[in-house]
Amino acid sequence: MLTCKAFAKINWAISVLKKRDDGYHDIISLMQAIDLHDTLIFKSSQKIEIETDLLIKKENNLVYKAIKALQNYTGIKKGVTVILKKEIPLGAGLGGGSSDAATTLKALNELWQLNLDIKTLHEIGASIGSDIPFFFYLPICIVEGRGDVVKPLKISKSYTLLLVKPDFSISTEWAYKTLDLKTELTTEYEKINNNIWQLYNHLYSGDVDNFYLWNDLEKSVLEKYPEIDKIKRKLIEAGAKSSLLSGSGSTVFGLFNNKTDAQKALKFFEGYWCRVVQTLVEPLK
C-alpha cells in the first residue's frame, strides 16, 4: 500500500502564443506547486477500482486514464484500488486532476516495480493531459509548448497565498476558444520569455513589492464572469500585494506578506471556498 500527496499548483504568469495545428495552444507559463493537496492511497488489486466522492464517471477520471495509459504502455494487466480523497476543487485552475494523474503514474511505477524513468512517465502523462508533465518536476517550472515542455527551476523562499473560488467552475476549453475569438495572440516570444525570467528572479530573490503577474486568459474570463474581477479587487483591498486568476480559473489567488495577513483577509470572502496556502520549496516534504 502507498499513500501519496498530489499537490495543487498556481500560475504566476501565462502567455498564450498561438493556436497549434493539433488544436492545442502554445503557451509559456511560470508554475509553482502549493501545499494544498489531494491524498491518494494505492492498494494492489485484481481490477481497477477508484473510491472517491467525485460525481463523475470512472472513465472520465484522470486517475483512471493514467492507470489505463500505463497499462497500455507497459502491457501489464495488474489492477489497483485507488482511494482518492479530494481537497483540491474541480474546475478551479489549480491542476487537481492533473496532479492526481501524475501522482498515480509515479505511485504505480513503484507499486508495480516498473522502473520507468521520469522522461517516460512525462511522455505518458502528456498523452493524457497538458498540465500533467509539470507535476513530475515540482516545485517550480517554466512550462512551454502545450504544457509538455518543462524546465525545472530552484526556489527556497515560500510565499503566502489566499485562494478564493466562487461557486462556479470555468471550462479550460471554453477559455481558450473565447481567447481565439477575442484576442490577437502575441508571438513576441523573446520578450515574453524575458518577462517570465524576470518574474522568476523576483520570486527567487524575494523582491515581490513591484513585480508584475499576468494571465492572457483573464480578459475573456472577466468579461463573462465579472465576479472574478470583483474577487481580484477585493483581495487587493484586503491587503494582497497582487491578485491573479490561476490558469483558466475559477480560483483567484492573492499574494500576502504573511499568513496572519492572509487569515485576516478571510473575513472579506464569507460564502466563498477559501484556503490560506504556502508555495512549495525544495526539498518537498
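In case you wondered, yes, glycine gets a Cβ from its N, Cα and C as well.
The annotation active site is assigned in Swiss-Prot to Lys9, Asp131. Residues annotated as ATP binding site in Swiss-Prot: Pro89, Leu90, Gly91, Ala92, Gly93, Leu94, Gly95, Gly96, Gly97, Ser98, Ser99.
Residue pair Gly95 (ATP binding site) / Lys9 (active site) shows a Cα separation of 6 Å. Residues near Gly93 (ATP binding site) in space but far in sequence (CB under 8 A, at least 6 apart, same chain), listed by position: Asn11, Ile170, Leu245, Ser246, Gly247, Ser248, Gly249, Ser250, Thr251. Within 10 Å of Asp131 (active site), counting CA to CA, the binding-site residues Pro89, Gly91, Gly97, Ser99 contribute Gly97, Ser99. Neighbour count (other Cβ atoms within 10 Å of the Cβ, all protein chains): 18 for Gly91 (ATP binding site). Fewest other C-beta atoms within 10 angstroms, among the binding-site residues Pro89, Gly97, are seen around Pro89. Cβ atoms within 8 Å of the centroid of the Cβ atoms of Pro89, Leu90, Gly91, Ala92, Gly93, Leu94, Gly95, Gly96, Gly97, Ser98, Ser99 (the ATP site) belong to the same-chain residues Ala8, Ile88, Gly247, site residues excluded.
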